[in-house]
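Quick notes on the structure that follows.
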Amino acid sequence: TMHAHAQRLVRLCIAAVSPLRASPSLLRSFRAFGAPSLRSMSTSMETHKEEVASLFSTSLPRPHIDYRMLKERREEMVDNIRRRGVDVADVDEVIKLYDRTRRIKTEQNNLRNRRNDVAKELASISALGGEDGERKKEALIEEGKQLREKVAETEAELREVEELLLAEALTLPNFTHPAAPSGEVEVELRKWGGEKKFDFEPKHHLEIAEKLGLVNFEAAASSTGSKFVYFLGDGALLEMALVNFALAKVTSKGMTAVLGPDVARLGVVRACGFQPRSDAEQVYTVKDHDLALVGTAEIPLMALNMNKIVQKEELPIRLGGYGRCFRVEAGSAGLMEKGLYRMHQFSKVEMVSLVEPADSEEELLRLVSIQEEILQELELPYRVIDMPANDLGAPAARKIDIEGWMPSRGYGELTSASDCGDYQTRRLQSRYKYAKKDNRYLHSLNATACAVPRTILAILENHQTEDGRVRIPPSLSPFLGGRQYLSPLS
């Protein structure tokens, strides 16, 4: 029933990755629900009402999903969902709703055709007089009235079913790229630099940072909360040096530097694959506003070309953006998580590319090569790993991570690069003019140039010296006034 579908939509909207628009009748269906039907959810009824309202109030472009393709590749998507471990997605429900929209459209066409026939019959019968003519005329007028009502009913039904269809389709992940590892374990592609060996007992980066006077976690915990930090003195200078170093590198590779907002509309956040207000929250949202603090500069960079059609000659579009990132989940307590590895707020330089579909694989490798160049110039040992399907975010078709060697914990993620195909661009309506009357969806890719706190962690632990100093890599030295070492406070 429609009530059952609407009940399902409440759950789906919380996990949806793009904005929806609702008809008034569908919103009335939401208001009709009582608390018992929502008790299995972790948030209150009022929270759900706010969530649904925020989804439907946006004026962002409507996503365009290729339902026919999903139906044709049904078996592949079923297997894809299984491999990724996505429990909310249901491609069969998408296909069922898609088929229903087609049936409604067929019914609409039949009703409209009959209404046109009635209009023609009325026109021809008008010339006839007499009692028979009047009876036929009245019957046709009544039939025309009923047809108008039925057309209006099917239009309302179609709007509602299309919203249900879109909500369901937006829970589906991207198709996994054939080159991604087929198993459940990442594949190591290569290593560089080797695991750093010391002829003394190396210190944890937190101990090093405190002795150098770089950080103050206690003050940040008092002012804001755990997993926040003040960078002080050389710590603040080191952060800005890494930002400027990374921006200089990406702009030297032909990327346009961007400083964008650190806040975005919820619909933009969802379109990029994040789930603001889901049961497993990823980002901070602004109460009573259709806004969220972004989890990555990728989000405003992608929004820069939202709802646009660019010329083929403008491609590729390559952007390098700096921003502050905000993440709700910052990991568990314990020595492994103490310090800079997981933070609620951190700085990052991000790369985003928009390319023709045929160029996305090559562009992914290009982005990874830039990441490797940055880490090599910082003299940080690393390994490159191809991530399996069960470790891919919803928008990623393929993801390549680079894990840096961190003596206190082993290898830990420093960068990530993802090929998202047209998953994000269909949701943001980012297209290019392939031919005169042929606009096609771009492919989007994103990659970390420098996640600052983790890079600082790796520098402190890999370049520490026995006398308590930290050596500054030569490539970074010019961004720190030519200094060669960070020294402990006297």
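Glycine is treated like the rest: Cβ placed from N, Cα and C.
Per TrEMBL, coiled coil is recorded for 137-164.
Annotation source TrEMBL lists domain 'Aminoacyl-transfer RNA synthetases class-II family profile' at 204-473.
Listed in sequence order, the residues of the same chain lying 6 or more apart from Glu350 (L-serine binding site) and placing their CB within less than 8 Å of its CB are Thr296, Ala297, Glu298, Leu301, Gly320, Gly321, Tyr322, Gly323, Asn446, Ala447, Thr448, Ala449. In the three-state DSSP scheme, Glu350 (L-serine binding site) falls into the strand class. Summarising the annotation, TrEMBL assigns L-serine binding site to Thr296, Arg327, Glu350, Asn446.
Around the Cβ of Leu414 (ATP binding site), the number of neighbouring Cβ atoms within 10 Å comes to 24. According to TrEMBL, the feature ATP binding site maps to Arg327, Val328, Glu329, Glu413, Leu414, Thr415, Ser416.
Per TrEMBL, the feature site 'Important for serine binding' maps to Thr448. Thr448 (site 'Important for serine binding') falls within a strand segment according to DSSP. Neighbours of Thr448 (site 'Important for serine binding'), defined as other CB atoms within 10 A of its CB across all chains, total 26.
In this structure, Thr415 (ATP binding site) is part of a beta strand by DSSP.
Each residue in Val294, Gly295, Ala297, Glu298, Ile299, Cys325, Lys348, Thr448 lies on the same chain as Thr296, Arg327, Glu350, Asn446 and has a C-beta within 8 Å of the C-beta centroid of that L-serine site, without being one of the site residues. Taking every pair among Arg327, Val328, Glu329, Glu413, Leu414, Thr415, Ser416, the residues recorded as binding ATP, the greatest CA to CA distance is 19 Å. Of all Cβ atoms in the protein chains displayed, 14 besides its own lie within 10 Å of the Cβ of Val328 (ATP binding site). Cα-Cα distance from Ser416 (ATP binding site) to Arg327 (L-serine binding site): 16 Å (rounded to the nearest whole number).
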